[in-house]
Amino acid sequence: MVCFKSKQNLETRYSNSDLIHVELCQLFASKMDNLNSTGSPMDVENSTVSADNVSLTPSTDNSGIPYHTTRLYIFILVPSSFLLLTLNSLCLLVLRHVDSIHDTTKVFLRSMTVADLGVGIFLAVPMSFGAAIGYWPFGIVLCGIQAFASVSSVLGTLLSLFLLTVDRYISVVYALRYHSLVTLKRARIAVCCAWGIIVVMVSVTCVISHWQPVYLSSLLMCAFYRDGSILDFYFSVVYSTITIFCLLTVLIAYARLFSITRRHARRIHADNPSAHGGHAPVRPNKKTLHTMLIIVISALALSLIPAISLILDVNNKHHLLRFFLLGLPILIHSWLNVFIYYLRNTEFHQASKTLLLSYYRSFKRIIRCKTN
């Protein structure tokens, strides 16, 4: 039915029921005009997501997120962003000054640290802006870059941890052949292959979604999504498979390493019963293995939470629950690795302290030169 802008010309031509219908039609048209003039986006989380109904423009209702929830997001994301950027950047600098770590092991550590730093740059920082502003402020192109790089960084952390575990396993089980089996060139090739696999898997998600990124307001991040596609199922299977495979392999490897360490300690004590003068044998130093085991257990717990959440399909749950199950464990895991290694490794701790003191003294000299 056609809606007329004025009903004065209709009073002589239509009955009262027709005039009432015209008034309702005009009211509906005015509401639609007001909605179009506000330019508020359709909430991705409360509607069927597609490239046609997703907008990256400002929303007057902060994407439907309550004010107290927004403040909680900011309270969590800002410290997490600071820890991710500072600790991982410091780790990259300290690795250059630590001589006790093999060069091949440093390659895997750098790969894991770069991936964790990518989580801070491409995930935590944009999430902080999204929580503070209430929408994605950087445009569709940067939304696609963030969607691609954030997923790549998360998967890169897991595969780098897997490569680091294989390196430690070979160094203990095949100690005499370690330098011939794990060379610097092979380590770099392994890291490049791991990142190549990640790029291919993430590119598949881009192709399935026709390179259409959308902003997920409940997760405060961009993702490649296509309504009616198998993208959700594909990503859930890929992430869950990589997480479970890597972390179970890591646990099995370190269980094997601890078994070998205990067997060697018992053999040494049996071969030298008088070495300790009748006292209990001195327990071997397994602090390095304990450190890596703590890192692995934390990775297992924090990485399995998003994997289980994807399997159970928590996307239809409350947005705060989705954030705590999918986003927060990844952020914590990415800075906790460096924090544990900093506390447990004496040389790493000393090198970090020396490096920070040197930077502090250099900064003081620069300030003195400027004041003089």
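Note: Cβ is positioned from N, Cα and C throughout, glycine not excepted.
Annotations in TrEMBL come from automatic prediction, not curation.
Note that the structure is predicted; figures quoted are calculated from it, not measured.
Taken from TrEMBL, the feature domain 'G-protein coupled receptors family 1 profile' covers 87-341. Here TrEMBL flags 72-95, 107-129, 135-166, 187-211, 233-257, 292-311, 323-343 as transmembrane segment.
The stretch with the most CB contacts under 8 Å to the transmembrane segment (107-129), chosen from 72-95, 135-166, 187-211, 233-257, 323-343, is 135-166. Highest Cβ contact count with the transmembrane segment (72-95) among the listed stretches 187-211, 233-257, 323-343 falls to 323-343 (criterion: pairs under 8 Å). Long-range contacts of the transmembrane segment (187-211) within its own chain (CB-CB distance under 8 A, at least 6 residues past either end) are made by residues 51, 104, 107-108, 111, 144, 148, 151-152, 155-156, 159-160, 162-163, 167, 224-226, 229-231, 234-235, 238. Note on the domain 'G-protein coupled receptors family 1 profile' (87-341): its mean pLDDT in the predicted model is 81.
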